[in-house]
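Input: a single structure, listed below in structure tokens.
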Amino acid sequence: MKVLVALSGGVDSSMSAKYLLEAGYSVVGCYMKLHSKPGYHEENIRKVKKVGEFLGIETHILDLEEEFNAKVYEPFVNAYKEGLTPNPCAHCNKNIKFGALWKFAQTLGCDKMATGHYARIEDGLIKVASDLSKDQSYFLANISPEILPYIIFPLGDKFKVDIKAAAAQIPQIAELASQKESSEICFVETTYIDILNKHFNTLMPGVVRDVSGKVVGKHDGYMRYTIGKRKGFSVDGAHSPHYVLKIDAAKNEIVVGLKDELSSFSFTTTNFNNFTDKNELECFVKIRYRSTPIPCLVSKLDDGATVKLKDNAGGVASGQLAVFYDEFDRVLASGFIR
């Protein structure tokens, strides 16, 4: 069976290719060039070619910059303009890594594709990785259900510390074991504000209101804030921390309140991505990557869903991905918070 492995030049994808070879698969590697961040690709491509030579596999460089720009980068920028808090990795996984790359894999005659993500597939569903500290099931929950039968996650049942230790024992790829892990959005050089400043004037002072509509302070520009943020704005006479509750992009205003005013017991989603055949789900939801799962009831509604929480959630942010899990840590569905 022929498998295409997405190679990044990092230890996880490189070891994934090695494990697949050892399991008897015919492996081909591919590095995706997604953006023009200065100095980003040259070193990665060198490492990918070195890994390919060591493993004896064919490697390809696939330029997907135009598609990435249209499907990930531009929506990211425009989301902030609309006062939303985007999740570019969720869009990238759906449209690029498990979209455009899979199409390329098929042109090479591949039967399946693999990545170095920490996640598992169980009974046709994405499942949380064994290494909970590295689990990436949340970011994978927006991919098309139709592609799941064609995906392999070689690291799903492994632990990062063991992967790095194993790589460190292999002279040809030992350098990958000690390199710094990437944790930021790949195309962001410093902060997301630096990206937005290339397209907009984000420094636009405006007013801060409380939940009653009263003007209580000033802010530096609505794009500089996300739901739940507690710094960077003034609140006259405040003795307790205040948090951003709402962003009004059209008026360049933010609404703030005390921590208990952040709480929500319900929300709705768009782009409901259902991995089951059920229109109602009693499950658990994560409203952010590292948030604690909350018991909930989900009801499909047109292309979205309504979500009723059994416990309150703080900081439900429009544009973020809500991911729904069953009691066995498997992804049942996802949707973008409205």
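Note: Cβ is positioned from N, Cα and C throughout, glycine not excepted.
Swiss-Prot lists Cys92 with the feature active site, nucleophile. Taking Cβ-Cβ distances under 8 Å and a sequence separation of 6 or more, the neighbours of Cys92 (active site, nucleophile) in its chain are Leu34, Phe68, Lys71, Val72.
In the three-state DSSP scheme, Cys186 (active site, cysteine persulfide intermediate) is classed as coil. For Cys186, the entry in Swiss-Prot reads active site, cysteine persulfide intermediate, with the evidence type sequence analysis.
Residues or ranges marked as ATP binding site by Swiss-Prot on the basis of sequence analysis: Ala6, Leu7, Ser8, Gly9, Gly10, Val11, Asp12, Ser13, Met32, Gly116. DSSP classifies Gly10 (ATP binding site) as coil under the three-state reduction.
Annotation comment: Swiss-Prot describes Cys92-Cys186 as disulfide bond. According to DSSP, Cys92 (active site, nucleophile) is assigned to a helical segment.
Under DSSP, His117 (site 'Interaction with tRNA') is assigned to coil, being neither helix nor strand in the three-state scheme. Positions annotated as site 'Interaction with tRNA' by Swiss-Prot: His117 (among others).
Under DSSP, Gln320 (site 'Interaction with tRNA') is assigned to coil, being neither helix nor strand in the three-state scheme. Long-range C-beta contacts of Gln320 (site 'Interaction with tRNA'), restricted to its own chain and to partners at least six residues apart, with a cutoff below 8 Å, comprise Thr85, Pro86, Asn87, Ile287, Arg288, Phe336, Ile337. Positions annotated as site 'Interaction with tRNA' by Swiss-Prot: Gln320 (among others).
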Next item on the list: Let me know how many other Cβ atoms fall within 10 Å of the Cβ of Asp12 (ATP binding site).
Entry: 23
Notebook entry, point to check: ATP site residues Ala6, Leu7, Ser8, Gly9, Gly10, Val11, Asp12, Ser13, Met32, Gly116: biggest Cα-Cα distance, Å?
Noted result: 16
Note to self: Rounded to a whole angstrom, what is the C-alpha distance between Gly10 (ATP binding site) and His117 (site 'Interaction with tRNA')?
What the structure shows: 11
Next item on the list: Give the sequence-ordered list of residues that share a chain with Cys186 (active site, cysteine persulfide intermediate), lie 6 or more positions from it, and have CB atoms under 8 Å from its CB.
Entry: Leu34, His35, Lys37, Tyr40
Notebook entry, point to check: Considering only the binding-site residues Ala6, Asp12, Met32, which residue has the minimal Cα-Cα separation from His117 (site 'Interaction with tRNA')?
Noted result: Asp12
